[in-house]
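Annotation source Swiss-Prot lists active site, proton donor/acceptor at D151. The substrate binding site annotation in Swiss-Prot covers R118, R152, E276, E277, R292, R371 and is backed by sequence analysis. Annotated Ca(2+) binding site per Swiss-Prot: D293, G297, D324, in sequence order. What Swiss-Prot lists as N-linked glycosylation site is N61, N70, N86, N146, N200, N234, N402, and the listing cites sequence analysis. The region 'Disordered' annotation in Swiss-Prot covers 326-350. Taken from Swiss-Prot, the feature topological domain 'Intravirion' applies to 1-9.
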Amino acid sequence: MNPNQKIITIGSVSLTIATVCFLMQIAILVTTVTLHFKQYECDSPANNQVMPCEPIIIERNITEIVYLTNTTIEKEICPKLVEYRNWSKPQCKITGFAPFSKDNSIRLSAGGDIWVTREPYVSCDPGKCYQFALGQGTTLDNKHSNDTIHDRIPHRTLLMNELGVPFHLGTRQVCIAWSSSSCHDGKAWLHVCVTGDDKNATASFIYDGRLVDSIGSWSQNILRTQESECVCINGTCTVVMTDGSASGRADTRILFIEEGKIVHISPLSGSAQHVEECSCYPRYPGVRCICRDNWKGSNRPVVDINVKDYSIDSRYVCSGLVGDTPRNNDRSSNSNCRNPNNERGNHGVKGWAFDDGNDVWMGRTISKDSRSGYETFKVIGGWSTPNSKSQINRQVIVDSDNRSGYSGIFSVESKSCINRCFYVELIRGREQETRVWWTSNSIVVFCGTSGTYGTGSWPDGADINLMPI
């Protein structure tokens, strides 16, 4: 074999060996990657729907890095699938309520840029609670705050912050609204936002940050909604809306919404005569609301919503210690569970209550005539026995010398049960405090507890003489 042939032979053998090594390396790489990906493969949903790993549903952002012959392969482990809330756990057993949050918005407004608001409420997603309110399009230390006692102007917007964070200049304006409701279905937020002319308002339904549906006024007389959280069960959210007279017959309808789309509308049925500003809570498998009768009754209407068949029933809270303001004194007040009591029914205030077996927990102003003070208590038999008046576990939330306002309920799911919480609106400014030209509020929040608790009073606390005019 001559030298040239030797060179060719050696080169061919080397090339063959190199090719074999290269193919083996590829085989090893493919096998390793296949085994690695198979190990962390996510189970597909039963309906074979594509489940993208979007930031809004990732609970833990874990990355696996595997080094193979100087090649880096990254694969994100699929997160736990997010499910609709069903609220099927039992209601927590409580002995009363413990302090939870206070935002001190009015006190902070004396030296900072804080929004002028009213109609606040609280609602929670599966991991965190938020406070909402209807802003007046201005901060308090601003001449635009003059005459903000008016409810419906085109500049009002729904504000949203983490609970305990006052509505500062960086606060998100969720939508245009002078009446609203919000709730989280387990996957995303739904906001119901009403704005427009009194005789031809529009309700916009915003889901996951996008406008999905809308509905116009059906009675041409101030379309309005709850001013507290709506409730979603297995992807169906319910919201109570009223259009019509505030001191006479009105048209109340219950809307059923799925991912922002109206799927059904049911008229109010049952014995309730007038229903506004409902405070709703999940009562699996349905939704229960305690509302405001602004026409005939100082006892509060109850609206029961069947999420499965869209049926509605209504009546009144049985407790003879009634929850609205104004009202008769406790010795002369009445409720027969079925009808309005025709006791100082016109005007009223938003409030709440919830059933506990045959009993009822409730909150109300301490004053029977005005929005002053705030108290909570349990009425034995107050859910099932007409005119029951046996009161236990009374607590003062705001003493009678200080102003209160609207109040409402929200629910929080723990590992074993569903807790009930409430907020109280602490109104300041006009009409009562005429030194200033504005009207605004702060809030205080309490939640149910199975423990012991003390006493106190948690008013707004701002010195009106130190406030901007």
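Positions of Cβ are set from backbone N, Cα and C atoms, glycine also.
Shown on the structure are the features that Swiss-Prot records.
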residue : record                      : DSSP (3 states)
N86     : N-linked glycosylation site : coil
N146    : N-linked glycosylation site : coil
R152    : substrate binding site      : coil
E276    : substrate binding site      : strand
R292    : substrate binding site      : strand
G297    : Ca(2+) binding site         : coil
D324    : Ca(2+) binding site         : coil
R371    : substrate binding site      : coil
N402    : N-linked glycosylation site : strand
Have a look at the recorded positions N146, D151, R152, N234, E277 and say which one has the shortest Cα distance to N86 (N-linked glycosylation site).
N234
Taking DSSP as the reference, which of helix, strand or coil describes R118 (substrate binding site)?
strand
Let me know the DSSP-derived helix, strand or coil state of N234 (N-linked glycosylation site), please.
coil
Anything within 10 Å of E276 (substrate binding site)? Look among the recorded positions N200, D293, N402, comparing CA atoms, and list what you find.
D293
Relative to the Cα of R292 (substrate binding site), which of the recorded positions N146, N200, N234, D324, N402 have a Cα no more than 10 Å away?
D324
Restricting the comparison to the recorded positions D151, R152, E277, which residue's C-alpha is spatially nearest the C-alpha of N200 (N-linked glycosylation site)?
R152
Inter-residue Cα distance where the pair is E277 (substrate binding site) and D293 (Ca(2+) binding site), in Å:
9
Near E277 (substrate binding site), which residues of its own chain have a C-beta under 8 A away, given they sit six or more steps off in sequence?
R224, Q226, E227, S228, C291, R292, K350, Y406
